Amino acid sequence: MRRPSRRRSKASTPPRSHTTPRRTGPSDSRRRPGTKEQPRPSVQGGTRQAEHDLKVSSPNSESSQYSTSELWSHKVIANYSELFAASVGNVDWLRFCVNPERKEIIVDDKGFTAIHFAAQKCQLSCLKVLIEEYKYPVDLPTNKGQTPLHLVIHKNNKSDILPCIDYLLKKGAAINSQTYNGSTPLHLASCNGLLGCIKLLVQSGANVHARDATGFKPIDYCRLWNHRTCARFLKDVMWKHDKKVLAQEMEKLRTLKEKLTILEYHYLVEYQKEHQILREAHFRKWLQNKVLAQTLGSADSKQKAGVQPWSLASNTLRCPITESLHYPSVEAQLKNLPSPVVPPKPIYKQTTISRPKLWNYSANPARSPITNIGHPQNIRLGVHPEPYKEHDFRRFLEVTRNKHGGACLRTVDRQLVTPVPQLPFEMMVRVLYPGTQPYRMKVPQGLYPRDILKVPEKRHVGDTCSNTMAMTLRETFDKPFLDSLEVCRTRVAPPSK
């Protein structure tokens, strides 16, 4: 027996409530009485505030359900409208959607806001409205650390990129800001081969030596993607930047040398004072011992002659001992020292050099030619090196290599010298220790001794013959020539006829 199928009418039973998250469009507001509305997740372009559960107490609250769903739909549409208006570039629609009394900036699930969508589509008018009227931060990052300046740089809309970059930089955008993978705006411009963007960023102060998480510089991406014009430009800029930085660091090193010279002078003065005090103390001790020994010796001789020793010792020791106790101090001596007199410079008379007359080019046979055509010797014939003019700090300064390849400076009294110019260790040693450098011409760095057994040799001449040259120089291959080639190959002589 066939069962009759049960059909539910829409008027009699309400539809089932779905627990799936709602989409952006308006949803059905009819719900089963007594059920709870599921919490909606954050929609793309929606706020990040938590939504409370809406409870329906009875079927009579249908009007409240309609109002709640309509309110939610209007909120979602408004959020989407703000982001979409910024992406499209409709300024009037954007002003209508953005709430000037907002407390939080509307962000989607990827961290994008209206200013990010406007920058991604190069909508300069929307950028001006959001930054100037609604005070959006210029360096607002996304979830991946991308700022509007990062999003502006792409291959699309190349004509609109430069005005947007120029405007963001004038509003104070960080030109060297990095994403989570370490990319700067200059890295992105180098990847896309945008020469105009690269020039604008470099002129605004972008770091051409910045490295990303993989250790690549902007010029490395130009080489990877075969952007030759951009690579040449960056190479020239990097060379000029390195030369400028080197000149600045060398100027710092020159100032440091002047300070080290003054510091060394004060150290030597104090060192000389200490040694002078020690020498005077040793001299007093030696003098007292010597006078005492002489006194005791004379006392013994007088005692043998009948003179009391104590009277002789009192007369002889009174004068030198009192004089030694009242010896002037080193400081007083230094104050009493006369100022050093600079010896007058000798005055030399300027000697006139008599040079021989030039060769007589005239063809007069009656005049005898000039044979004395010697010239004074200007080449130094000495074998000893010339004294270097720069001051050498080897006796006062200790230069060691740090972990970054630079130099660490310490004086002889173990004081650390800071700050130190950011120069290579070899350059610092060459400037601070000029006496350690060779005075002769340096040999090429590639000239080093090699083992003679590893030098490639020519092939020894033997019975083997090479047919390459013979076949190259020959115009025709006749029968005797082919027979000789066959003999060389098989080493069997042809039968004689």
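Even glycines carry a Cβ here, placed using N, Cα and C.
These numbers come from a predicted model, not from an experiment.
Features reported for this protein in Swiss-Prot:
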- 239-264: coiled coil (COILED)
- 1-10: compositional bias 'Basic residues' (COMPBIAS)
- 12-27: compositional bias 'Low complexity' (COMPBIAS)
- 28-39: compositional bias 'Basic and acidic residues' (COMPBIAS)
- 1-65: region 'Disordered' (REGION)
- 110-140: repeat 'ANK 1' (REPEAT)
- 144-177: repeat 'ANK 2' (REPEAT)
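Helix, strand and coil counts under DSSP for the repeat 'ANK 1' (110-140) come to 17 helix, 0 strand, 14 coil.
Among residues of the same chain six or more beyond the coiled coil (239-264), those with a C-beta under 8 A of the stretch's C-beta atoms are 208-209, 391, 393, 396-397, 411, 417, 419-423, 428, 431-432.
DSSP assignment over the repeat 'ANK 2' (144-177) gives 18 helix, 0 strand, 16 coil. Computed over the repeat 'ANK 1' (110-140), the whole-number mean pLDDT of the model equals 94.
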